[in-house]
Amino acid sequence: MNPQANLIFIISLLLGTTITISSNHWIMAWTGLEINTLAILPLISKSHHPRAIEAATKYFLTQSAASALVLFSSMTNAWHTGQWDITQLTHPTSSLILTSAIAMKLGLVPFHFWFPEVLQGSPLTTGLLLSTIMKLPPIALLYMTSHSLNPTLLTTLAILSTALGGWMGFNQTQIRKVLAFSSISHLGWMAIIIIYNPKLTLLNFYLYAMMTATIFLTLNTIKVLKLSTLMTAWTKIPSLNAMLLLTLLSLAGLPPLTGFLPKWLIIQELTKQDMAPAATLISLLSLLSLFFYLRLAYCTTITLPPHTTNHMKQWRTNKSTSIMIAILTTMSVLLLPISPMILTIV
């Protein structure tokens, strides 16, 4: 793609995100979401492969439906209350429609079907944008309307997302699909706590975005898209593979690493809200996604392909890994000891 065109699309993405996050009026928030959708479409379909075109079409149709629902929800609320302010969404029907719209935008169960397919059809860099920046405006809208959302509905969506995100990632061999189901599972954790402590949702999102960015950039550096090629990737940059192992374990939420922090805080907050059964259930369901993280980690560092035919091993490349990956990996692994400082900032 032409660099100038690429730059325009990236700037439009940042503009759309900024407009949605900073707006008070529903029409401005909707405009930002539309700019975002239109800016990401060329980035998804730039390879001109049939799968990429299919992914772009699926993305466009789902996001258009979700945007129409956002508009419908805000108009229903304005009809009943006379308010166009985002924080004044008080009508129960409007809240219900908005929750469905945002679930569709994010890819929460039962509106999750488009997300793995779209991520699979996109390049790794676009997949990174879809998993991080494109999730920020809908989460910001949930954050602003969290006081009037339905707790039972959101808890149900969250538990189903964590369950299905874990279950459906089991048999995948394509790494982008595994990361898509991982994203659905993490969104479940964010959705369950948004009503009780919205700041925790944002903290969870920031840390998730940081760890996902590390994984996508690492995979882009070693040019790996499926598990079978991940098994031989250790010959390219062994040190980077070791870091990828730690980041995957951090994304799984294992205790000494950064990813444990949001899970720990969310379980603590749910227990304070007398939701110990929900906390127990979502913790047990996250063990499902732990299985496929361990599978990825195992393929990253330990295994070789289990056959005896002679084939050329890829020898390590001369490309030095970027400083960005180094910083992100360090933060993805080592932030737990300074969690008191993070909590004072948030």
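Every residue number used here counts from 1 along the chain in the order it is shown.
Each Cβ is built from the backbone N, Cα and C atoms, and glycine gets one as well.
Features of the protein shown, as given by TrEMBL:
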- 5-21: transmembrane segment (TRANSMEM)
- 23-288: domain 'NADH:quinone oxidoreductase/Mrp antiporter transmembrane' (DOMAIN)
- 56-75: transmembrane segment (TRANSMEM)
- 95-115: transmembrane segment (TRANSMEM)
- 152-171: transmembrane segment (TRANSMEM)
- 178-197: transmembrane segment (TRANSMEM)
- 203-225: transmembrane segment (TRANSMEM)
- 237-255: transmembrane segment (TRANSMEM)
- 275-294: transmembrane segment (TRANSMEM)
- 290-343: domain 'NADH dehydrogenase subunit 2 C-terminal' (DOMAIN)
- 322-343: transmembrane segment (TRANSMEM)
Winner by Cβ pairs under 8 Å against the transmembrane segment (152-171), considering only 5-21, 178-197, 203-225, 237-255: 178-197
Before we move on, state whether the transmembrane segment (275-294) and the transmembrane segment (322-343) share at least 3 Cβ pairs under 8 Å, counting only pairs 6 or more apart in sequence. no
Interface present between the transmembrane segment (95-115) and the transmembrane segment (203-225) (three or more C-beta pairs under 8 A): no
